[in-house]
Amino acid sequence: MAALSVVCLLLAAASWRPVSASGEEFWPGQSAADILSGAASRRRYLLYDVNPPEGFNLRRDVYIRVASLLKTLLKTEEWVLVLPPWGRLYHWQSPDIHQVRIPWSEFFDLPSLNKNIPVIEYEQFIAESGGPFIDQVYVLQGYAEGWKEGTWEEKVDARPCIDPLLYSQDKHEYYRGWFWGYEETRGLNVSCLSVQGSASIVAPVLLKNTSARSVMLDRAENLLHDHYGGREYWDTRRSMVFAKHLRAVGDEFRSQHLNSTDAADKMAPEEDWTKMKVKLGSALGGPYLGVHLRRKDFIWGHREDVPSLEGAVKKIRSLMKTHQLDKVFVATDAIRKEQEELRKLLPEMVRFEPTWEELELYKDGGVAIIDQWICAHARFFIGTSVSTFSFRIHEEREILGLDPKTTYNRFCGDQEKACEQPTHWKIAY
């Protein structure tokens, strides 16, 4: 019996799961029905949203910041992060496709997210909490007086709202707002917090200044990372595994059009990200050049570090020759006219071009993920300066174990004199 107890203890130690402050284990994949008794009746809910103009890939970065806040809260109380439904993003411009109220499971693998922090979809929150009501909404903002030069000071204070609120009270004095496209959702109270610092700076406010069971942080992009580039950052980033159906589409495309498979490319992916720890440079990548060519608002802003199409193609051909690659995969947001021009300049380029039915199924966000997945598996990758789309590909390649020299590269502007290449943020386990 004693021996059996020792075995059980060893197994328990080997399979760590997040434990709440109350001592109860959190099990990934729990449904509302499973946990309605016990923890679910006591736990508190953290919700958040981001400035509407911000894109898909910046929002993924904000998730990492909020996840670190949740980990801080979990040291004291039972909390769960409610995933903000996707929708109404500036870059998602495909017509006639319904792209609001999109759950995270359309784009990411929820069991993987749950191995890092407890998360639930918004509709599960409604079911668990008793309705579409959020007890407290905090709108995060800077300080009206700005940051005074000198010593950096992390601080948070309840302050009058600087900008007009994007919430209005109805006749019942509930607050109506965007709320991710859920018109029936109401906020019971809305106030503003001025913040200057990392995400966990608001933890004392949530733990001590409010007893609200559900708290939403609007404009969460105003919070900084707790530990950018550290182990906690990478744990959360690694947990953001793309949805299995999108990875499968990307893998099929690699195989059919780019002669690329995990076995041939020396990739050793694990379905469980917590078990995946690879040496940088151990993966070879597929026999093609991966390219992210950002256009649209990047060129409208007359950025000096974005090349002309001719300049980009010249660099692409140079890289293909240097690395002896005869295939090139291009992910771009170029308008149709530029795409046609690019095709004339680079007739051999390969692109993932979904049918209307596929676009309706995967949506613009899913197509972006498929593009990133294919770029992440290339033998060599070159991206666009300061693009979060390219940054996310850098991270994905780092996770997959590709040589950093084949990852942290960007196009230079035609007249750019000092073309500084992206910084290597080394993965931490």
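Backbone N, Cα and C define each Cβ position, glycine as well.
Here is what Swiss-Prot records for this protein:
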| type | residues | note |
| --- | --- | --- |
| SIGNAL | 1-21 | signal peptide |
| BINDING | Pro53, Glu54, Gly55, Phe56, Asn57, His292, Leu293, Arg294, Asp371, Thr388, Phe389 | GDP-beta-L-fucose binding site |
| ACT_SITE | Glu54 | active site, proton acceptor |
| DISULFID | Cys161-Cys192 | disulfide bond |
| CARBOHYD | Asn189 | N-linked glycosylation site |
| CARBOHYD | Asn209 | N-linked glycosylation site |
| CARBOHYD | Asn259 | N-linked glycosylation site |
| SITE | Glu396 | site 'Required for enzyme activity' |
| DISULFID | Cys412-Cys419 | disulfide bond |
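Annotated features, which come from Swiss-Prot, shown on the structure.
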residue: Pro53; record: GDP-beta-L-fucose binding site; Cβ contacts under 8 Å, 6 or more apart: Tyr90
residue: Glu54; record: active site, proton acceptor; Cβ contacts under 8 Å, 6 or more apart: Val62, Glu221
residue: Gly55; record: GDP-beta-L-fucose binding site; Cβ contacts under 8 Å, 6 or more apart: Leu89, Tyr90, His91, Thr388
residue: Asn57; record: GDP-beta-L-fucose binding site; Cβ contacts under 8 Å, 6 or more apart: Ala368, Thr388, Phe389, Phe391, Arg392
residue: Cys161; record: disulfide bond; Cβ contacts under 8 Å, 6 or more apart: Val139, Gln141, Ser191, Cys192
residue: Asn189; record: N-linked glycosylation site; Cβ contacts under 8 Å, 6 or more apart: Asp135, Gln136, Val137, Tyr175, Ala212
residue: Asn209; record: N-linked glycosylation site; Cβ contacts under 8 Å, 6 or more apart: Ala158
residue: Cys419; record: disulfide bond; Cβ contacts under 8 Å, 6 or more apart: Asp305, Arg410, Cys412, Gly413
Subject >> Top Cα neighbour of Asn259 (N-linked glycosylation site) in the set of recorded positions Leu293, Asp371, Glu396 >> reply: Asp371
Subject >> Surrounding CB atoms that lie within 10 Å of the CB of Leu293 (GDP-beta-L-fucose binding site), all protein chains >> reply: 25
Subject >> Assigned element (helix, strand, coil) containing Cys192 (disulfide bond), judged by DSSP >> reply: strand
Original post:
Are there residues of the same chain, six or more positions away from Asp371 (GDP-beta-L-fucose binding site), whose CB falls under 8 angstroms from its CB, and which are they?
Top reply: His292, Ala331, Phe352
Original post:
What Cα-Cα separation, expressed in whole Å, is found between Leu293 (GDP-beta-L-fucose binding site) and Glu396 (site 'Required for enzyme activity')?
Top reply: 17
Subject >> DSSP three-state assignment (helix, strand or coil) for Glu396 (site 'Required for enzyme activity') >> reply: helix
**OP:** Please state whether DSSP places Pro53 (GDP-beta-L-fucose binding site) in a helix, a strand or coil.
**Re:** coil
Original post:
Are there any residues in the same chain, six or more apart in sequence, whose C-beta is under 8 angstroms from the C-beta of Glu396 (site 'Required for enzyme activity'), and if so which?
Top reply: Gln372, Trp373, Ala376
